[in-house]
């Protein structure tokens, strides 16, 4: 490859060459879901984005430890320091234990990720399983002088921290403006400044989720878990931290401050953020009530959907846009993605049957380079897909007798097409598996068509037509060619 991998670092607002701290090892941390409801399209985007990164880093030969956390405590409503824990509220409404809620939705989240062909992370730590580490983090920040205790809670002193470091380095926010605005809005409470954020919150006896600490019974602030767990599993400095763009502030800004305050230096080298999924121009999310769950996409059971969309259609739809660009939901866009993916899968299915010649009229020499150049340019998946569409046209041309290809060029085409479509973009052909098995299903179809061919040879048109008509009624397209019959599932 002529060009090394470059990724956009939100911290410096530019693309930078990726250079691991401890090559060939790479530490990757991605913020996972707060599990109090079914996963929706907005959850699918970061999962698929960083699955693409994970796959590509491994393909490049790196040994990747991928940590994606599960938030099951401390995430209050509206991402605030006051209010009710999202999971505790769900548990109260449904008259369940909080961990019942967590287990139910976490299981459903994992099933959805499996359907989307998202590889499981190396480690999937849960916030509630790392209370000791979070308490230790808070103690370190207190000892360094960047936090204070108030009414049994502990808050990060943003103004004090900003005197020695810079709060706002990731988001670009101005600390003076933030302090002035929060003073006008919040008035006086437990905090010295409204911009200060909770490291540990005191909990009343009726609070369902609470733990003992040096400051009394309580629970950790939302921002603590990622700093504590990232450091535990990836060390005091690791390569990449990813998440949705909506986490830049306050979550990731607070993570940076916590790390610097507790250990004297930043913990992350590259910050990567995917953009939002929008619906009618607004961010799709639970807080706005405008979300469509992944299960609803898969089943079509939502009034905004014209039909059901397969998991691979959803994955292809998301990868059809660059991860830093917005993606606006529409049925038209999903249907276009569905048709585009089908074209590529059809082309992939033709690869094994293409006949070679001594000469080639199809140019495939730069296909691999185009795909690698696109991936190395900040994971430019739309450009990879564009190159694959060009390759699909070449495959179809050879298949239709409008071009020729040598055996060496065909092997290059097969290897590159399958590497980028299946191994890296993570697509899989659901059509055969959804009909009850892939290889066995294909062999059964070939057997049926061979019986039909024998019937035609005997001029048994009734049997031949019956097989064709019955298969058509079941949703298959049967096409007779000079080399025999071909089939596909519509």
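Cβ coordinates come from backbone N, Cα and C, glycine included.
Between the stretches 11-21, 22-32, 33-43, Swiss-Prot puts its motif ''HIGH' region' entry on 33-43. Swiss-Prot lists motif ''KMSKS' region' for one of the ranges 268-272, 273-277, 278-282, 283-287, namely 283-287. In the three-state DSSP scheme, residue 251 (Zn(2+) binding site) falls into the helix class.
Taking Cβ pairs closer than 8 Å, the motif ''HIGH' region' (33-43) reaches residues 70-72, 75, 86-87, 89-90, 101-102, 105-106, 108-109, 112-113, 244, 276-277, 283-286, 291-295, 297, 314, 329 in its own chain, all 6 or more past its ends. Taking each Cβ in turn and tallying the other Cβ atoms within 10 Å, the top scorer among the binding-site residues 31, 226 is 226.
Around the Cβ of residue 255 (Zn(2+) binding site), a 10 Å sphere holds 27 further Cβ atoms from the protein chains shown.
Summary of the Zn(2+) site environment: with the site residues 31, 226, 251, 255 set aside, the chain residues having Cβ atoms within 8 Å of the Cβ mean position are 223, 225, 227, 241, 243, 247, 252, 254. The Cβ neighbour count for residue 251 (Zn(2+) binding site), using a 10 Å radius over every protein chain in view, is 19. Across the motif ''HIGH' region' (33-43), DSSP classifies residues as 3 helix, 2 strand, 6 coil.
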